[in-house]
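Peer 1: Before I ask anything, here is the structure I am working with.
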Amino acid sequence: MPALTLTRLLRIGEGRTVKRLAHLADEVLALGSDYEQLTDAELRAKTDEFKQRYADGETLDDLLLEAFAVAREASWRVLNQKHYKVQVMGGAALHLGNIAEMKTGEGKTLTCVLPAYLNALSGDGVHVVTVNDYLAKRDAEWMGRVHRFLGLEVGVILGGMTPPQRRVAYAADITYGTNNEFGFDYLRDNMAHSLDDLVQRGHNFAVVDEVDSILIDEARTPLIISGPADASSKWYAEFARIAPLLKKDVHYEVDIKKRTIGVHEAGVEFVEDQLGIDNLYEAANSPLVSYLNNAIKAKELYQRDKDYIVRDGEVIIVDEFTGRILVGRRYNEGMHQAIEAKEGVEIQPENQTLATITLQNYFRLYDKLSGMTGTAETEAAELHQIYNLGVVPIPTNKPMIRVDQSDLIYKTEEAKFNAVVDDVAERHEKGQPVLIGTTSVERSEYLSKQFTRRGIPHSVLNAKFHEQEAQIIAEAGRPGAVTVATNMAGRGTDIVLGGNPDIIADILLRKQGLDPVETPEEYEAAWLPTLEQVKAQTAADADAVREAGGLYVLGTERHESRRIDNQLRGRSGRQGDPGESRFYLSLGDELMRRFNGAALEAIMTRLNLPDDVPIEAKMVSKAIKSAQTQVEQQNFEIRKNVLKYDEVMNQQRTVIYGERNRILRGEDMEGQVQNMITDVITAYVDGATAEGYVEDWDLEKLWTALKTLYPVSLDYRELTGELDGEPRDLSREELREALLEDAHSAYAKREQEIDGLAGEGSMRNLERQVLLSVLDRKWREHLYEMDYLKEGIGLRAMAQRDPLVEYQREGFDMFTAMLDGLKEESVGFLFNLQVEVQQPQPTGVSVDPGLRSPVGATVPAPAPAAPTPLLAKGITDQAPRGLNYIGPDEGGRASVHSDAEEYGGGTPAAAGTRRERREAARAEGKGKRGPKSRRKH
């Protein structure tokens with residue numbers, strides 16, 4: 001309930017905001033007549049004028065009225081669409097960093113043109129985020145026509161694009177793409193080994209389309225880049241041999257319900273005998289414990305042909321709920337490898353997390369964030385709490401006259417679907433278009449078979465082929481059209497009564513080989529005549545559909561979120577058109593089963609109602625709404641929990657990525673390295689002198705450790721007076737100062753040696769090489785350890801401890817330890833690396849992966865010539881290969897794809913030489929001229 005109270009509080013002052021936006025919109029509309037008089041060239045010149053005024057000190061708020069008026073006039077000349085007052089209000093709300101709640105069909109895509117144009121004038125880039133690649137490409141081409149006409153560059157980020165193509169797209173004034181693509185590019189940039197490999201250029205302003213879907217539905221699944229771990233597969237095979245020898249209830253116990261195992265003392269002793277070790281639990285052997293646990297779990301908890309199948313020498317997971325095989329999915333934390341070892345198939349490398357971020361924390365990187373949706377009101381509290389975004393409801397352009405009928409509840413699912421088919425057949429007969437919403441692909445296919453059996457022509461959309469689905473949705477408003485769609489299918493495309501003329505005209509032009517990006521001039525010349533021709537065809541159909549009652553939306557099941565139900569309903573009744581909606585439910589529906597469906601079934605049984613007679617009661621509708629509210633609250637808590645845990649990682653990630661950025665950008669790291677030497681020597685001395693008296697210090701042991709770190713020139717016996725036979729008291733401070741002076745002196749000699757070998761400035765380059773390599777490896781190891789910590793942290797609740805507080809505390813301790821290890825390893829490498837001058841590489845020949853192909857002349861050193869590149873053995877700048885990308889699909893579920901899919905078979909992050917990348921960028925940049933307007937002057 002607190003969220004509901006907060007929602008009401010957040011809506012206080014809404015009226016004032018809407019009035020302010022309406023006043024701004026009136027002023028923009030009043031400027032319209034001034035800009036109508038301008039020629040195309042004069043209108044385009046306004047962009048440069050605005051940029052100059054911004055550079056001279058005017059703010060974007062100062063430019064808002066004029067910039068909006070220019071973009072509005074350009075939209076009319078290019079698209080034959082002029083923003084309504086409510087769309088201008090929506091655009092202003094977006095610019096001010098709010099979520100504009102605009103009903104379906106109110107023109108959100110066109111609305112976005114206004115704030116995107118205004119904010120692009122700053123030159124810092126604008127990101128427009130959509131739910132799938134098709135919409136990103138469509139909007140970049142379609143709305144990009146307006147921006148290109150006004151002299152701005154538009155880019156689009158799609159799956160399968162190479163890094164040079166992505167770099168060009170991000171360099172554009174406005175960049176379209178999906179949340180996953182933007183997020184993964186951010187993570188990859190923070191795995192890059194050279195400035196040339198970076199693709200993004202900052203996070204200035206983002207407009208998120210379908211903001212509730214992206215920031216809420218998909219926020220439960222974090223973005224993860226994983227790659228092969230370094231673990232050896234030898235141990236999987238060894239423990240697969242041992243596991244069958246262990247006896248249940250003698251060596252270990254199993255809890256089938258909780259899916260856990262526990263190893264007894266007898267089991268530990270048996271394993272120690274088998275491996276020939278003294279203590280399984282000593283520090284050096286601790287990794288073996290997880291191999292043992294996984295081997296026993298593979299034996300007892302994972303059954304072949306139930307939990308997984310073996311096909312073509314590969315272990316494939318079976319979904320426990322649907323029974324479908326999940327190709328490409330793998331169990332994590334070594335479990336999949338343990339099953340592979342048990343089955344005797346080839347053991348694939350274990351994956352580990354290399355980089356991760358939640359969508360919440362990614363979008364909080366932006367200086368300004370805004371979004372559009374038709375249904376944000378129910379989640380206003382969450383959007384405010386997590387993203388600090390206000391929700392502004394924008395009035396509809398025309399009054400809504402759709403009729404929302406009350407729900408019909410049937411006893412069985414079969415009776416419900418029979419009633420659905422009867423209702424659809426009747427409406428199809430009278431020429432009324434029908435959109436049927438389902439919650440799954442299986443339900444869609446089942447209904448499709450029923451319609452085929454009854455001879456009802458129909459189309460099925462399953463959110464798999466977005467481009468074809470947009471074409472079907474464009475014609476879903478035709479008389480008598482019947483369209484079956486899952487909740488996610490065909491989003492972003494309006495169902496216009498009689499047919500969507502813009503989409504249909506675009507399809508016709510593309511069939512003729514015309515394209516708004518590739519052939520802008522020919523496309524623009526043919527656009528208006530084709531559009532007028534299509535409008536003439538669809539106008540008559542639209543009148544017939546209005547006579548039949550408009551679009552009828554039929555839901556076959558209530559979704560657990562009211563928002564999804566409202567999205568489905570919102571397909572009907574756009575722009576003041578007539579329409580109708582109704583939900584058909586059954587007691588077998590998921591939501592009804594979860595929340596007191598048994599009580600309702602008892603009532604229906606007592607009333608002795610036949611299966612095919614529905615009940616229609618407000619009490620039931622209220623109960624369903626209450627159930628949905630409970631589920632929404634549960635999901636909110638899950639997302640909040642994900643965010644709380646990621647907040648720990650986020651602070652650590654900010655430190656590490658900030659440090660990486662400094663190194664990549666060529667900052668002088670000498671001061672930092674000197675501080676590292678001081679910290680490491682101090683830690684060594686403090687550890688060795690923890691006992692208060694000199695006679696208790698083991699200085700020989702300290703010197704042995706120091707000699708592995710750097711070439712020590714001091715003799716401790718000299719410091720204590722043993723050499724000259726005059727023992728003297730040595731304080732901890734004196735010892736520390738002497739060693740620090742010696743270490744810094746040794747580092748100065750090392751710098752002379754390196755600079756003498758490869759030229760002045762070479763030591764600075766080596767520092768950057770070493771720090772970057774060690775930082776990346778330590779961060780990967782830290783992520784691996786944090787994954788393990790998070791996996792078992794929930795058990796702390798059994799000891800009356802808050803798992804989150806424990807995770808924060810231990811996570812901080814682990815991070816501090818990781819930073820200490822990073823300093824120690826970096827200092828050791830810098831003193832002891834074997835370095836040789838790199839011979840020039842012939843074109844096309846790659847450097848051995850075990851060697852560092854170093855940074856060239858990235859530092860503006862005052863030396864007469866750039867330092868010669870060095871090879872440092874054991875240091876690598878090669879980006880990890882064979883990566884997997886895990887992120888939410890449109891339904892919020894985790895989906896996995898590989899490097900090859902992400903880059904379309906191209907090479908990952910460091911694709912091509914610098915010259916090749918520049919050539920690709922130039923080629924990509926060609927043909928970016930703005931289209932000509934149809935208007936003649």
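Backbone N, Cα and C atoms are what each Cβ position is placed from, and that goes for glycine too.
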Peer 1: From D423, D494, D502, D506, grab the residue that Swiss-Prot records in the same ATP site as Q87, G105, E106, G107, K108, T109.
Peer 2: D494
Peer 1: Would you list, in sequence order, the residues of this chain other than Q87, G105, E106, G107, K108, T109, D494 that have their CB within 8 A of the centroid of the site's CB atoms, where the site is the one recorded for ATP?
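Peer 2: Near the ATP site, beyond Q87, G105, E106, G107, K108, T109, D494, sit M102, T104, L110, T111.
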Peer 1: Where among the binding-site residues Q87, T109 do you find the Cβ with the fewest other Cβ atoms within 10 Å?
Peer 2: T109
Peer 1: What are the non-local neighbours of G107 (ATP binding site), defined as same-chain residues 6+ apart in sequence with CB under 8 A from its CB?
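Peer 2: Expected: Q81, H83, Y84, Q87.
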Peer 1: Taking every protein chain in this structure into account, which of the binding-site residues E106, D494 has the most other Cβ atoms within 10 Å of its Cβ?
Peer 2: E106
Peer 1: In sequence order, what residues of the same chain, 6+ apart, have a Cβ less than 8 Å from the Cβ of G105 (ATP binding site)?
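Peer 2: Spatial neighbours, sequence-distant, of G105 (ATP binding site): D494, I495, V496, G570, G573, R574, Q575.
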Peer 1: How many other Cβ atoms sit within 10 Å of the Cβ of K108 (ATP binding site)?
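Peer 2: A 10 Å sphere around the Cβ of K108 (ATP binding site) contains 24 other Cβ atoms.
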